[in-house]
Amino acid sequence: MSSPSGQKPALKSAGSGQSRFQVTEVTELGPVTSGERTSGGTDGTTGTTGSKGSAGGEESKGRFSVVKFLDSGGIGTDASDVAQNGDTVRSTGSHRSSASGHTNISDTHSNTYYMRTFGHNTIDAVPNIDFYRQTEAPLGDKLIRPTLSELHDELDKEPLDEDGFPIGEESTLAEEAAAKEGTKEQAKGGTIKFGWVKGVLIRCMLNIWGVMLFIRMSWIVGQAGIGLTCVIILMATVVTTITGLSTSAIATNGFVRGGGAYYLISRSLGPEFGGSIGLIFAFANAVAVAMYVVGFAETVVEMLNDVDALMTDELNDVRIVGTLTVILLLGISVAGMEWEAKAQIVLLVILLAAIFNYFIGTVITMESKEPKGFFGYKAAIMMENMGPDFRDGETFFSMFAIFFPAATGILAGANISGDLTDPQSAIPKGTLLAILITGITYVAVTVSTGSCILRDATGDHNDTSSVSDLNCTDAACTLGYDFSICKEGGCKFGLMNDFQVMSLVSGFGPLITAGIFSATLSSALASLVSAPKVFQALCKDNIYPGLHVFAKGYGKNNEPLRGYVLTFCIGLAFILIAELNVIAPIISNFFLASYALINFSVFHASLANSPGWRPSFKYFNKWVSLAGAVLCCAVMFVVNWWAALMTNIIVLALYVYVSYKKPDVNWGSSTQALIYNHALTHCLLLTGVEDHVKNFRPQCLVMTGYPNARPALLHLVNAFTKNVGLMVCGHVRTVSRRPNFKEMSLDHARYQRWLLKNRIKAFYTPVFAEDLRHGAQYLLQATGLGRLKPNTLVMGFKNNWSDGEMKDIKCSEICLIAPSPDELLSSHEKKDAGMKDVVVSVNMLGKDSEDSNSFPPSLITSAQNSPLILRETKRSAKPLSLTDQRLLEASQQFKKKQCKGTVDVWWLFDDGGLALLIPYLLTEKKKWKDCKIRLFIGGKINRIDHDRRAMAALLSKFRIDFSAIYVLGDINTKPKKHNVLSFEEMIEPYKLKEDDMEQEAAERLKAEEPWRISDNELELYRAKTNRQIRLNELLKEHSNSAKLIVMSMPLARKGTVSSALYMCWLETLSKDLPPILLVRGNHQSVLTFYS
């Protein structure tokens, strides 16, 4: 027997360290005898493994058997549990084979899964629909195909017995009989599903043939005339047809679950639009319940009035009858979808009988009906009623507003999409056919009423006239009646005055009344079911957290009982208005907004050109859908401009709320596809545009390691790149064992989410390398896309660099403090003209600290390998130490808003203006707005005023504001003696000391440890060393209270300056200072004063 489809093999049991699959030799099985084992399928039947019919019938359903392996501790328990629709099958052993030569042998005790594919012993899977299901798919369980790593792994083998089963394991017939019985019991409790006729066509027709058909259609014809009423019907039909086509396209683009319009829009446009429209669409359906119930109540009250049996007055009687009716409908809905569907069929039969009864009545003329305005089909009446005769302030668009809700039933079938057998086929067929049938019906009723019935009639047999005596100007006169008194008002019959005129025309009046009852109650019932279903789907997605209480369903059909109660309350509130003409325009705009977004969804999805947009319904066009969306929006404002404005404000407010909350859902919406399209298009456009100095922006590769390991560095760079330039968090990983792709992907996703959660606009890019230098090289060469590539390298300064091993110091110097890209690239690689370099040295302890090297080495070292996560808690069990407290404060210093202060720019060397551009971008941000730029430049004592004016003129041309310019004429003054002695002590461990050894030994030591400082090198760069010491003195004197210091970074000549000496320069320069940013560009302009 073939393997049943829709079942999930338990590939590895809990606590098992074995592979998910175990493959062993399987010999070809001989002819199957009647005594061989049988297996329970998903339909609860049994059959032999050799049954050709069974194998052939199951061929297309799948190839995998399902085995829920037992835990090792549960061997003695009852293991006969089989579920329907791909749920678990438990047995101690099972054997499956199919006609395709695919044999599966499963064993629960050893947690193995044996398989033969195409006659070979392999675990490689053949194509199967169950691999593509979602985890929560209702039509079958999801199968898990073997991963590539499992296919590559060497699999253990376990012998089989001569029958092809694991040794010592055999299932019993009793267990399989129990499995069969379990399947049958499960099958009895299936959910109720509807086809396209019962689920969509009937439901849509009943909802469209609503209250308007019998008690408002004739009045609209009287007001607008036959011609304009047909235009109204045509406009509504165009809107609904385009929307129906769009609905069909979305519904056939994959499996559709419950939720109707909300589900279609949210899965297409995303949760923002879906969440906003889903809420108002559910509300509109709830209000529609009130509209239909009030229509029903009006009819009942008029009948009571005719027999003089009113309870109070007409308005309050409408409220009383409406309340009782909605309570009855709630009871039918709560009883379940099956009862509701049966009620709909009964109501449809009554409704169809009433419609046919009306058309039969139009050809049966009776003299007794003539005084009330009915004369049968007359050309004179038709011509008189062809044009409009608007009264009581009514207009064409007010008529459209009142009629349009009658056409809004097109989504009645889609709204219960979760209860349809095949939504993809049912929704298009049922919806479009319902629009066609009901549209023809409305036009036929319009023409017939306009051709048979006068606008005004007195109902008095004595109001006759003589055609020969008078000059007749109206149809009544030509037919022998004089109804001219009606011009003064007070007439109770005719199209304009009698809402129940169709009862007068019909062959059997009470049947029309039954039709009114049927139309109103069926539409109300459909809306009462639709609103909770849509609302339940919305609440299940948890778009609005406070509404999750309404997501709970009850019974086998998951009925939203809480939603029914909420819809009942909303409907009851609007029933108390008791004015049909007031309620109808309220929901017109809500439905139109829903239709507009459904049409826009199709246009958007087609425009995004996503490979996943493959609707099987082909009769749609994206431009037609766009036109439909625009038409819906236009009609909204034409019908009622203030209601349209209110609707748009509500949708926008809900959209902003959902966008702000950012629900954790990913539905593969067309919004994502379009964003990708735009990003790709613009990236390609950028590649064809040469860089220009006016458009230069720092695109930073920040060597953060894990993004949360160096928060101060991250926040500082984010401050001047946010919404301006690219920021990439580079992470060089030097672990001995490289993780597999899955681990890397999970790591990448986790830290990218961390960046998004903390609102840091950056990308996380890890790379594996032998050491930090090579990792930085890889990142510089490979990171980015087109023009979106880093042009600025940012690194943190390692405060405790002197505590590490000598080789680590060398690595840190080469990789962390590289002054130009040439240092990071191989000698034969040409430097990119657009590459800039920034080295960041942040003294985390601040100016009041003791020594910047007083950090425990473990803090920084551990941060190199794993994230240092500092969490703020309301109550700490153990207070932080002073060092940890200072570290925490320092890590958050650039995250908070900076109070008033200065950003001191020491622009000592012109490297292209990068040292000036970064402080400008920084102070433009909100957090740094209160900080002013002070500029420090070098100069001569006798030219201080001249240099200050020249620099002020340059800054003015650059349009960069500054608070002060200081010209330092004493940079070359000798540093203080004690500072020179401190520097000598710092470099002492790194000296080569060649005078104390022979020349050959000195050369050998220098070759082994090139970072050592020779006496010749120290003497050669004595002046530069003194300048770094002197600059530190000046920095302490002028910038000790600055919020940030930005300074030109000293340049180390390649091959002549040892790494230890350069590190000592940087250490001396930045010692005991506020946070300092050392910047060195590649000496190409990044600022210009030309327009």
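Even glycines carry a Cβ here, placed using N, Cα and C.
Some features that TrEMBL has for this protein:
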COMPBIAS  33-52  compositional bias 'Low complexity'
DOMAIN    107-158  domain 'Amino acid permease N-terminal'
TRANSMEM  200-220  transmembrane segment
TRANSMEM  226-256  transmembrane segment
TRANSMEM  277-297  transmembrane segment
TRANSMEM  317-336  transmembrane segment
TRANSMEM  345-366  transmembrane segment
TRANSMEM  396-414  transmembrane segment
TRANSMEM  426-445  transmembrane segment
TRANSMEM  508-531  transmembrane segment
TRANSMEM  564-584  transmembrane segment
TRANSMEM  590-607  transmembrane segment
TRANSMEM  619-637  transmembrane segment
DOMAIN    710-810  domain 'SLC12A transporter C-terminal'
DOMAIN    865-1091  domain 'SLC12A transporter C-terminal'
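Computed over the domain 'Amino acid permease N-terminal' (107-158), the whole-number mean pLDDT of the model equals 61. Between the transmembrane segment (508-531) and the stretches 226-256, 277-297, 345-366, 426-445, 590-607, it is 345-366 that has the most C-beta pairs under 8 angstroms.
Between the transmembrane segment (226-256) and the transmembrane segment (317-336), the number of CB pairs under 8 angstroms, six or more residues apart, is fewer than three, so the stretches are not in contact. Against the transmembrane segment (396-414), the recorded stretches 200-220, 277-297, 345-366, 426-445, 590-607 differ in Cβ pairs under 8 Å, and the greatest number is found for 200-220. Stretch with the most C-beta contacts under 8 angstroms to the transmembrane segment (619-637), considering only 200-220, 277-297, 345-366, 426-445, 590-607: 590-607. Counting C-beta pairs under 8 angstroms (sequence separation of 6 or more), the transmembrane segment (345-366) reaches the transmembrane segment (200-220) with 3 or more such pairs.
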